[in-house]
Amino acid sequence: MNLILDIKTSKGNYDIIISKGILGDLLNYLDEFDFEKIFVITDSNVNNIYGKNIYELLSSKYKVYKKVISSGELSKNINTIADIYGDLADFNMNRTDIIISFGGGVVGDISGFVASTYLRGIRYLQIPTTLISQVDSSIGGKTGIDIRQGKNLVGNFYNPVKVIIDTDVLKTLDEKYFSDGMAEVIKYAFIKDRQLYDILYKSDFEELYNNIDGSMDRIIYICCNIKKMIVEEDEFDTGKRMILNFGHTLGHAIEAYYSYKKYTHGEAISIGMYRVCEILYKNGLIEKNLLGSLKNMMKKFKLPVFDENILNESLLEYIEKDKKNIGKSLKIAIVKDIGKGEIINGNIDFFKEKYNYDCLKK
Ligand code: GLY
């Protein structure tokens, strides 16, 4: 069964289609677009498992170039982009041709950025292959690369023409990367959806990870639907969309502090989400139960809640460079109760050891 969502944007709509085994029908989904060449961007991990099959399938009908980048966040830089531009030009990709992003969040962010800038913009289609990219990064049109000073500091908004989510590919995902994606799923539950929390509360890691055919399509659909509602209201991330950044300000800082080597994105934002709630609790703004529920959920899905450098001053330097840090004010996504996220105006003092309520009132 296909689960379909239609995302409205200022420049037209695009579909998200979620289904088990949908990759086998990929050619049918490409039929609606008129083009001659496909430039597939993937990474070394995904290529090892699916690269040959997807190449053979696509080249049965189209001229195909497959670009394989090294897997991992360290590829998300300007050198990779420049290298891809060169290959696109060598392959004579023109404005009517199409890029397929086939991989996780890094591949998706790079592909979107390349698609939005090459020849001043060509179409791209997202086939996210990790849980984190299926529930979050493939939707909403954020593209970007990292620079020395921080994550996603260069990028733009550029929507794909379609997002095709095949839950079958999750069957080859390592446990660590399943947990990584579950961190974003947990985030959606805490910021917006008590019912999703209840589903997660009644499930456990093994039940979901070992039986992808069970509930994962429904869970992914719920997450994509939450993201749809948020990005349709605030496409360019100037207000309500910032709620999706619950745990991310600190999470991004932790990732950058450890040069993207110690934690996955999901692990880093779990530490960030827990820390934010801990600060809220210590300031009397949330009940202890909420902190406990978050911790139990993280534990259940094998995610960390603490890092020894959480108060390190150098970590704060990364927060200063955060995009949500505007002038002296920092937009902070918080959760007051399960399913009840809010954005508050704070400042960097929120994340310091001797935090106090004043930093939330500005
Ligand atoms: N990943 C957060 C957003 O798309 O806004």
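The first residue you see is number 1, and the count goes up from there.
Quick reminder: no glycine exception, Cβ is built from N, Cα and C everywhere.
The shown structure was predicted, so the numbers you read here are calculated from the model rather than taken from an experiment.
In TrEMBL this protein carries:
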type	residues	note
DOMAIN	68-178	domain '3-dehydroquinate synthase N-terminal'
BINDING	71-76, 105-109, 129-130, LYS142, LYS151	NAD(+) binding site
DOMAIN	181-325	domain '3-dehydroquinate synthase C-terminal'
BINDING	GLU184, HIS248, HIS265	Zn(2+) binding site
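All features noted in TrEMBL, drawn onto the structure.
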residue	record	CB count, 10 Å
GLU73	NAD(+) binding site	19
SER75	NAD(+) binding site	19
GLY105	NAD(+) binding site	24
VAL107	NAD(+) binding site	32
ASP109	NAD(+) binding site	24
THR130	NAD(+) binding site	29
LYS151	NAD(+) binding site	24
GLU184	Zn(2+) binding site	27
HIS248	Zn(2+) binding site	25
HIS265	Zn(2+) binding site	26
Ligand 1 is in the model; which of the binding-site residues GLY105, ASP109, GLU184 have a C-beta less than 6 angstroms from one of its atoms?
none
Those binding-site residues, out of GLU184, HIS248, HIS265, that come within 10 angstroms of GLU73 (NAD(+) binding site) at the Cα:
HIS265
Quick one: of the binding-site residues SER71, SER75, VAL107, ASP109, THR130, which has its CA closest to the CA of HIS248 (Zn(2+) binding site)?
ASP109
Which residues in the same chain, at least 6 apart in sequence, have a Cβ under 8 Å from the Cβ of SER71 (NAD(+) binding site)?
ASP43, SER44, ASN45, VAL46, GLY103, VAL106
Summary of DSSP states over the domain '3-dehydroquinate synthase C-terminal' (181-325), given as helix, strand and coil counts:
103 helix, 1 strand, 41 coil
Within 8 Å of the Cβ centre of GLU184, HIS248, HIS265, which other residues of the chain have their Cβ, at the recorded Zn(2+) site?
ILE132, ASP136, ALA183, LYS187, GLY247, GLY251, GLY266, ALA268, ILE269
What does DSSP assign LYS151 (NAD(+) binding site), in three states?
strand
Residues in the domain '3-dehydroquinate synthase N-terminal' (68-178) grouped by DSSP into helix, strand and remaining coil:
49 helix, 29 strand, 33 coil
Cα distance, HIS265 (Zn(2+) binding site) to ASP109 (NAD(+) binding site), nearest Å?
14
Return only the integer: C-alpha distance in Å from GLU184 (Zn(2+) binding site) to LYS151 (NAD(+) binding site).
17
Between HIS265 (Zn(2+) binding site) and LYS151 (NAD(+) binding site): CA-CA distance (Å):
11
